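Asker: First, the structure itself, so that you have it in front of you.
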């Protein structure tokens, strides 16, 4: 039964509430203590001035008239808090309710706090601290005025009690509020912990609960949920990669194995040689696929934007154009480039050449003989744009959301040689450089546009991208361009 209480005491919210309760108590105590000190000071100063002024007002009056005033003063004192007395030159009592001058009271006309013994006070007096003014008259006698401070002490006690009564509810209220918030926070944390345990046991569809309050726990829960969404996406991508590898490699490997088995049944050297050459070609295709995967992984995780330097996209396109011009001529494809002005960006020259090379290779591969492929590199109001268009069959709308995935190949194009990694490679490089890679219609054919982030090209479908271009110091770059078929 003590476990909930122990958990509550260990709660950071409850401890914070206790801390604030004591802070409020300390602040309240200081305020009330200041009020107490000011009130006490004000009352004491008031009585000081009153007694001094009253003594000064009557000090020079004749004794008979002075005695009548003292008698009137004492008669009106129904609460028995005033003192008034008259003493002769030798200090002998003449009149009043104080029987003798206090021993430690100076006769200087100033107000002094003195503890008056009961034997010095007349009937009705009290043995309590009092404020006295003793002043010498012209005839040598002494006039004594005084005020009992019992009421002041009573008021002080009242203030102290009010202080205690005010602090106690503050502490209780702060602890209650802290406990309420602690219980609420504990319930939310328990719910979050339950969801985390289910996620740990493999249910990746679970998400941490959020509320409309948008407090710190909500911010953390939303961040974790975004992380889980990304993890699920990556796991699905890994599963998709595995399925595509199985689909694209299993059949060639099975065919290669069957071909080798049949070749073993033949005694012809030529048959064995042909089978071996075909097996080597199939193995080269498998190695190319694996190398492409490693290359994409290297770009995604190994390359750092801190090594970027100033790169001219026009030079990238011209170099790649020169590389593929013979291949286009071999297929009788009209291959042109339009790059009128330099386009300076921060990036890696070799990686950008590799990305554009993959786009051009893809365009030439799917463009029939007699078609055309065109490269455009230009500056737009939103930044640089590289466009590679062709007059091939184009990309169906149903395929545009998947063509940038690894190993994706539409069913109608599976007969065309390739690993389905070229566009994935280009999209990865584009993301690294802060570009969006999009596909649009060319009427006829397709157009792949590598545009600066935020450039909205009409009817273009972007590759998935959540990175941004970093500002990087220039450094040299000299790697070889590579095209993934």
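Cβ from N, Cα, C; glycine included.
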Asker: Under TrEMBL, the annotation transmembrane segment belongs to which of these stretches: 12-37, 38-63?
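Answerer: Going through 12-37, 38-63 one by one, TrEMBL gives transmembrane segment for 12-37.
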Asker: TrEMBL tags one of 158-181, 182-205, 206-229 as transmembrane segment - which one?
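Answerer: It is 158-181 that TrEMBL describes as transmembrane segment.
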Asker: Labelled region 'Disordered' by TrEMBL, one stretch among 424-454, 455-485. Can you tell me which?
Answerer: 455-485
Asker: Do you know the DSSP helix, strand and coil residue counts for the domain 'HAMP' (183-236)?
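Answerer: Split into helix, strand and coil, the domain 'HAMP' (183-236) gives 39 helix, 0 strand, 15 coil.
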